[in-house]
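What follows is a single structure, written as structure tokens, with notes after it.
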Amino acid sequence: MKQKILVLGGPTAVGKTELSIKLAEKLNGEIISADSMQIYKNMDIGSAKVTKEEMRDINHHMIDIVSPEEEFSVADFKNIGEKAIKEIIAKEKLPMIVGGTGLYINSLTCNVTFTESEKDDEYRTYLESLAEANGNNYVHEMLKEIDEISYRDIHPNNRKRVIRALEVFKISGKPFSSYNVGDDFYKTDYDVFYYVLTMDREKLYNRINKRVDIMIENGLIDECIELKKLGYTSSMQSMQGIGYKEILYYLDKKISLDEAVNLIKQGSRNYAKRQLTWFRRDPRCTFLDKDVLSDEEILSKIIDDITNN
């Protein structure tokens with residue numbers, strides 16, 4: 001009998017955190033955060049990081065594990081996350097993967113191959129120089145001709161991954177996206193119960209806008225000032241996160257605060273749209289509409305599925 005794993009995904013601001021903690025309490029679970037921003041130390045407000053109070057003594061993994069100046073790949077997440085899963089299982093608890101970063105979720109629940117071994121340092125340096133001279137969008141557009149799926153899935157500001165996708169195509173002649181497809185892709189050692197929270201788009205967008213306002217009220221600007229004092233700059237992977245790069249532009253007097261806030265809201269809404277597109281392509285996902293089901297009904301369904309299957 002395969003070990004069960006619960007996955008709770010969904011777009012930003014849909015309400016994953018509170019529900020996941022209730023589930024962990026009911027199912028004797030521990031949570032592995034699948035969020036590409038919550039991995040960073042000292043970046044709490046802009047990442048909507050779960051607080052100690054919100055955790056309610058539920059163990060959380062993959063939060064505050066790297067400093068903002070460090071590079072961190074999906075392969076890194078997979079290596080550390082797999083160890084966390086084994087630790088949770090050893091305690092006879094249920095591993096629960098919770099978050100909105102689909103690549104992170106797949107790295108732990110799919111038969112994912114990382115093409116990290118072959119490299120072309122000269123070509124990579126060339127692409128880096130192109131991005132420096134012309135901006136991230138320039139190299140991102142280069143993807144469009146050779147790998148539509150990666151072009152759609154990888155954000156222009158994720159320069160490292162864009163460059164890796166271009167590099168893989170140059171080395172192998174195969175699109176980066178083609179390395180993780182096929183009949184065996186969803187085969188794992190685990191019995192994966194995968195749920196995605198959704199709600200009406202306008203309602204979700206309103207929640208996103210409100211959350212951004214609360215982040216500003218709670219001190220996002222001060223958080224970014226402190227990060228700048230520590231020497232962290234907009235060229236770092238971590239500081240390209242939505243909420244951070246816009247406030248850094250404001251602090252550098254490139255845009256007004258109102259412009260920064262509006263850009264954060266727009267960027268967050270666009271991100272939520274991309275997240276939903278990602279989840280809809282995954283045949284394992286069971287979608288739970290929060291406009292149709294109450295939180296209690298969602299809890300009951302998931303608990304019933306896990307305990308009776």
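Heads up, the Cβ atoms here are built off N, Cα and C, so glycines get one too.
As given in Swiss-Prot:
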- Gly10, Pro11, Thr12, Ala13, Val14, Gly15, Lys16, Thr17: ATP binding site (BINDING)
- Thr12, Ala13, Val14, Gly15, Lys16, Thr17: substrate binding site (BINDING)
- 35-38: region 'Interaction with substrate tRNA' (REGION)
- Thr101: site 'Interaction with substrate tRNA' (SITE)
- Arg124: site 'Interaction with substrate tRNA' (SITE)
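Non-local neighbours of the region 'Interaction with substrate tRNA' (35-38) in the same chain are 46-50, 62-64, 99-101, 103-104, 238, 241; each lies 6+ residues outside the stretch with a CB under 8 Å from one of its CB atoms. In the three-state DSSP reading, Thr17 (ATP binding site) counts as helix. Cα of Gly15 (ATP binding site) to Cα of Thr101 (site 'Interaction with substrate tRNA'): a span of 15 Å. Around Arg124 (site 'Interaction with substrate tRNA'), the same-chain residues six or more apart in sequence whose CB sits under 8 Å from its CB are Ile163, Glu167, listed in sequence order. Looking only at Cα atoms, Thr101 (site 'Interaction with substrate tRNA') sits nearest to Gly10 among the binding-site residues Gly10, Ala13, Val14. Comparing the binding-site residues Pro11, Gly15 by how many other C-beta atoms lie within 10 angstroms of each C-beta, the top residue is Pro11.
The substrate site is defined by Thr12, Ala13, Val14, Gly15, Lys16, Thr17, and by the 8 Å test on Cβ atoms against their centroid, the other residues of the chain that qualify are Gly10, Pro11, Gly100, Leu197, Arg207. In this structure, Thr12 (ATP binding site) belongs to neither helix nor strand by DSSP; it is coil.
Here the region 'Interaction with substrate tRNA' (35-38) is broken down by DSSP into helix, strand and coil counts: 0 helix, 0 strand, 4 coil.
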